[in-house]
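Engineer: Starting off with a structure, shown below.
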Amino acid sequence: MAIEIASFVSNKLQMLATSDHASVVSMNLFVALLCACIVLGHLLEENRWMNESITALLIGICTGVVILLFSGGKSSHILVFSEDLFFIYLLPPIIFNAGFQVKKKQFFRNFMTITSFGAVGTLISCCIITLGATQAFKRMDIGPLELGDYLAIGAIFAATDSVCTLQVLNQDETPLLYSLVFGEGVVNDATSVVLFNAIQSFDLNRLNPSIALHFLGNFLYLFVASTLLGVLTGLLSAYVIKKLYIGRHSTDREVALMMLMAYLSYMLAELSYLSGILTVFFCGIVTSHYTWHNVTESSRVTTKHAFATLSFVAEIFIFLYVGMDALDIEKWKFVSDSPGTSVAASSVLLGLILLGRAAFVFPLSFLSNLTKKSPYEKISFRQQVIIWWAGLMRGAVSMALAYNQFTMSGYTQLRSNAIMITSTITVVLFSTVVFGLLTKPLIRLLLPHPKVTTSMTTTEPSTPKSFIVPLLGNAQDSEADLEGHQIYRPNSIRALLATPTHTVHRLWRKFDDSFMRPVFGGRGFVPVEPGSPSERNGQQWH
């Protein structure tokens, strides 16, 4: 008996050792591939077609092919695509850094347009993709798909790839387009995830108007609650760091606290069944406006580069991950007997994505232009075409939702589910590579001089100076900074309604200077060490 137990334990230990060794090999390969992506990305920096996301995707596919050959056609990846890994570890640093570095003036100036694109536009796109897929797939004999599957397909393919948008659009060259497309992407991702979860939770066998009202109320609650949670978490970190002034003893602690509070906001949102994407995005905005100014100067440099580096590595990891998983032989075996069906399904989905996006970008842009008085603030037709095109890319959010709906722990045994997974992979690869490659040339073609075309938006200082602009204001920090400049102040309700943006900006600056920054910190309200550059700079603002 003792010999059997010893043999059993020995076998288990051997299996664990083999498993640990395989994990070490996998991580070594992934780190080496990440390094290769960074080096190649640097060498292709000046290329007008390529960017790091496409480079990582192609390297991932090539690596998958090599692994497939070495394994004798058994496997093409060393890690199975995990939605938990994506949503919990990889997405938060990307979205937080985007909020941390976003040009706040542009984002809030176009907030209503961004929200309409991201929320209303996603619903329109989802409806068109669902209706189109229902009609087309029933004729193609894909297999047994239920109403919930078709609705999920609409939510899956309505989700744009905000990560790839960061790579193909330049915030300094086209700030208006960047703020609209990326801002829409963040709201769109949140809306798609909320929509997807709602589809899974509602009883679709009993559809009635109350379900639609319940969904609308649920979405508004999630949007407002998620935003407030992000803002409150950002304000809490700003207050704690300002009050305790941790940096006088240890800059490591204040940097660690900033990072952990940012991640805590995301996890609290997930714990509360809210949208972690929206929460961490707005936490990033508040952190850059208040908390970032409350830390020491060395910590400011450290955090700026740390957040950017984490985001950059996570982006590359995602595309490498998706590229390697694209050749998963198990899923392609199910469609090997009818490759035409898979290609047809992918083509239908791509056509519906093109149609669904056009169905809301152009009408909603027209409505947005009706509310703008100045012709410089209106979205031109050429800009609308770029917004339509730049949002066609599908990425890891679509992959994660598709795996959630059509697989069990990354594996599937049904032909219809396998076709949907392979179609999702095809759409993600095609849209990222083809649409991503053509976005930069399209911008150069339609907007040959972007800095001139968007001159009304380039008055804002670029990063890292963009960290010190007010949340809703212009480049000036307070009304004291406007000395010598005439400020337009509406003297009637009609004038106020005619220039609502400027009025809100001015009122926000006043409120921010009087109430918010004295409590939560910010430029001009920062505890400083005697004789430090911050003290000398602070004296200039008083």
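Glycine is treated like the rest: Cβ placed from N, Cα and C.
Unlike curated records, TrEMBL annotations are generated automatically.
The feature domain 'Cation/H+ exchanger transmembrane' is assigned by TrEMBL to 32-443. Residues or ranges marked as transmembrane segment in TrEMBL: 22-44, 56-73, 85-102, 114-138, 219-241, 305-324, 344-364, 385-406, 418-438.
Could you place the listed features in the three-dimensional structure?
Structural biologist: Sequence-distant contacts of the transmembrane segment (22-44) (same chain, at least 6 residues past either end, Cβ-Cβ under 8 Å): 50-52, 55-56, 59-60, 63, 78-79, 313, 316-317, 320.
Residues 107, 145, 150-151, 153-155, 157-159, 179-180, 183-188, 190-192, 195, 219, 223, 345, 348-349, 351-353, 355-357, 359-361, 364, 367-368, 387 of the same chain lie 6 or more positions beyond the ends of the transmembrane segment (114-138) yet place their CB under 8 Å from a CB of it.
Within its own chain, the transmembrane segment (305-324) has Cβ neighbours under 8 Å at 30, 33-34, 37-38, 41, 52-54, 56-61, 63-64, 67, 76-79, 81, 86, 89-91, 93-94, 96-98, 100-101, 163, 166-167, 255, 259, 395-396, 399, 428-429, 432, counting only residues six or more beyond its boundaries.
Among residues of the same chain six or more beyond the transmembrane segment (344-364), those with a C-beta under 8 A of the stretch's C-beta atoms are 113, 116-117, 120-121, 124-126, 128-129, 132-133, 136-137, 140, 142, 153, 157-158, 384, 387-388, 391-392, 394, 419-420, 422-423, 426-427, 430-431.
For the transmembrane segment (385-406), same-chain residues at least 6 beyond its ends with a Cβ under 8 Å from one of its own Cβ atoms are 81, 83, 86-87, 90-91, 117, 149, 152, 155-157, 159-161, 163-165, 168-169, 174, 177, 180-181, 184-185, 188-189, 192-193, 196, 200, 318-319, 321-322, 325, 353-354, 357-358, 361-362, 365, 379, 412, 417-418, 420-421, 424-425, 427-428, 431-432, 435-436, 438-439, 442-443, 446-447.
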Engineer: Against which stretches of its own chain does the transmembrane segment (418-438) lie, if we need a Cβ under 8 Å and a gap of at least six residues from its ends?
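Structural biologist: Same-chain contacts beyond the ends: 49-51, 53-54, 57-58, 61, 142-143, 145, 149, 153, 156-157, 161, 164, 167-168, 319, 322-323, 325-326, 331-335, 341-343, 345-346, 349-350, 353, 389, 392-395, 398-399, 402-403, 405-407, 412.
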